[in-house]
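K.L.:
The annotation active site is assigned in Swiss-Prot to Lys79. Under the heading FAD binding site, Swiss-Prot lists Gly13, Thr15, Ala16, Ser39, Ile42, Ile45, Glu49, Ala50, Val187, Leu337, Ile350, citing experimental evidence as support. Taken from Swiss-Prot, the feature 7-chloro-L-tryptophan binding site applies to Lys79, Glu346, Tyr443, Tyr444, Glu450, Phe454, supported by experimental evidence. Annotation source Swiss-Prot lists L-tryptophan binding site at Glu346, Tyr443, Tyr444, Glu450, Phe454, citing experimental evidence. Residues or ranges marked as chloride binding site in Swiss-Prot (evidence: experimental evidence): Thr348, Gly349. Among the features that Swiss-Prot reports, site 'Role in guiding and activating HOCl' is placed at Lys79. Residues annotated as site 'Important for activity' in Swiss-Prot, with a curator's inference given as evidence: Glu346.
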Amino acid sequence: MNKPIKNIVIVGGGTAGWMAASYLVRALQQQANITLIESAAIPRIGVGEATIPSLQKVFFDFLGIPEREWMPQVNGAFKAAIKFVNWRKSPDPSRDDHFYHLFGNVPNCDGVPLTHYWLRKREQGFQQPMEYACYPQPGALDGKLAPCLSDGTRQMSHAWHFDAHLVADFLKRWAVERGVNRVVDEVVDVRLNNRGYISNLLTKEGRTLEADLFIDCSGMRGLLINQALKEPFIDMSDYLLCDSAVASAVPNDDARDGVEPYTSSIAMNSGWTWKIPMLGRFGSGYVFSSHFTSRDQATADFLKLWGLSDNQPLNQIKFRVGRNKRAWVNNCVSIGLSSCFLEPLESTGIYFIYAALYQLVKHFPDTSFDPRLSDAFNAEIVHMFDDCRDFVQAHYFTTSRDDTPFWLANRHDLRLSDAIKEKVQRYKAGLPLTTTSFDDSTYYETFDYEFKNFWLNGNYYCIFAGLGMLPDRSLPLLQHRPESIEKAEAMFASIRREAERLRTSLPTNYDYLRSLRDGDAGLSRGQRGPKLAAQESL
């Protein structure tokens, strides 16, 4: 009988490292010795973080930590959508150019997505944007309202914004209390045995750290996976052009301006800027391509966008786009930035961490390190990353913006996968892009199924229709279904009524978050309102 894994060393703290330590100490029921080594000298990347809705279910619920416990400690706020600004046309102060990417799938009527009925109406002169017609949430988002009633009853599916450093610190305390050994030191050498497996690590202060399994959370350095084990990193800069960012925390007058319950993505001349609102401030960063603008010009554009002074503290980031050929090599598993990186346009960074941890536990080895387990794990990570890469890329090559060289290059010069080409053609023909049921309650029963079918028809519809790319024609079948069309009209009317109910019953996001911070809100005791349009989903 092969020996079980008894000792695990995690290299790197930050969000990835402490999420890994917390998840593994819980998953292995404290039956393995877990040591995390982090250096006080190596800075952690992160200026505000946006997430997706499955974070609570897959990660925090697994740890047994309710939303109301962790949110106040990490300056947590709600995210009910992503708002895309100026992605269709160059900025014009006289014009409001935005669309929302909402959570939840598109409703259907007699087996046909409501978007097809909306398109038919649009062909007849209907002007309301798709997401405003097919979802009840946008009006509440425009009003900066919370996704919950004052008593904590949830009315809209949501994800979260938070300070990633505070999350790492929160999880550090949680993990150490449960037996994780924290070492503040720096790895200076990685020793391999004659099989090419990592045997131990040498540290700056003279320690020798031995383990059966090593988790590389060292960030883009890839200290173990790339530097020591020489696993190649597959560069995908021909799929996505942005390679740099300038970021900062920006003060916000919440009482005057409110706190937006969504992430904003504001298109710029050579990239886009994120805005992640929290109480008292928002995290923001300009993601740009160094091939189309200089760092100095990008910094100037970023400061001008928010009216900031030249002495504003800034975080300059250079990133690699792509993934390791294999995320798991021998007895080393890379998690987080050491495994892969995709620009945060759809808030996938934290998801990549806990999805990889979920898959690691599902494929957890013993000391024989059966290659069938690592091969299966690696295939899952390739699927996860490439699928998300295609979805993010779809935001760029389907836009109609052509006012700068950057946007022209995105429309004409990107390398496209066969999978995304096929999705575009299916969308233009009016066909479904994914095979999932339109019933969210069955779709989201297990994370395994969500992982395999991450981006739904509704996600693609929001982006494609939002950017102005529509199917070639409304579904021909609807010409033969007058009764279905009548039913769809009733559904549109019901959505309008629900939108009005949300608009008139929800507190402002600022008031709700302030009550949560002060301990007054009945926040999220697992309650869901009867009108909730979608489960914890994308």
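Note: Cβ is positioned from N, Cα and C throughout, glycine not excepted.
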K.L.:
Pick the one among the binding-site residues Ala16, Val187, Ile350 whose Cβ has the fewest other Cβ atoms within 10 Å in this structure.
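P.N.:
Relative to the other binding-site residues in Ala16, Val187, Ile350, Val187 has the fewest Cβ atoms within 10 Å.
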K.L.:
Across all protein chains in the structure, which of the binding-site residues Gly13, Gly349 has the highest Cβ count within 10 Å?
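P.N.:
Highest number of other Cβ atoms within 10 Å: Gly13.
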K.L.:
Find the one among the recorded positions Lys79, Glu346, Gly349, Glu450, Phe454 whose C-alpha lies closest to that of Gly13 (FAD binding site).
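P.N.:
Ranked by Cα distance from Gly13 (FAD binding site), first place goes to Gly349.
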K.L.:
Closest to Glu450 (7-chloro-L-tryptophan binding site): which of the recorded positions Ala16, Glu49, Lys79, Val187, Thr348, going by Cα position?
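P.N.:
For Glu450 (7-chloro-L-tryptophan binding site), the spatially nearest of the recorded positions is Thr348.
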K.L.:
In terms of DSSP three-state secondary structure, what is the assignment for Gly13 (FAD binding site)?
P.N.:
coil
K.L.:
Provide, as an integer number of angstrom, the distance between the C-alpha atoms of Thr348 (chloride binding site) and Glu49 (FAD binding site).
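P.N.:
Cα to Cα, Thr348 (chloride binding site) and Glu49 (FAD binding site) are separated by 10 Å.
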K.L.:
Find the shortest Cα-Cα separation between Phe454 (7-chloro-L-tryptophan binding site) and the binding-site residues Ala16, Glu49, Val187, Gly349, and name the residue that gives it.
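P.N.:
Sorting the binding-site residues by distance from Phe454 (7-chloro-L-tryptophan binding site), the top entry is Gly349.
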K.L.:
Consider the recorded positions Lys79, Glu346, Gly349 and say which one has the Cα lying nearest the Cα of Glu49 (FAD binding site).
P.N.:
Gly349
K.L.:
Around the C-beta of Thr348 (chloride binding site), how many further C-beta atoms are within 10 angstroms, looking at every protein chain?
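P.N.:
A count of 25.
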K.L.:
Cα of Ile350 (FAD binding site) to Cα of Lys79 (active site): how many Å, rounded?
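P.N.:
For Ile350 (FAD binding site) versus Lys79 (active site), the Cα atoms are 14 Å apart.
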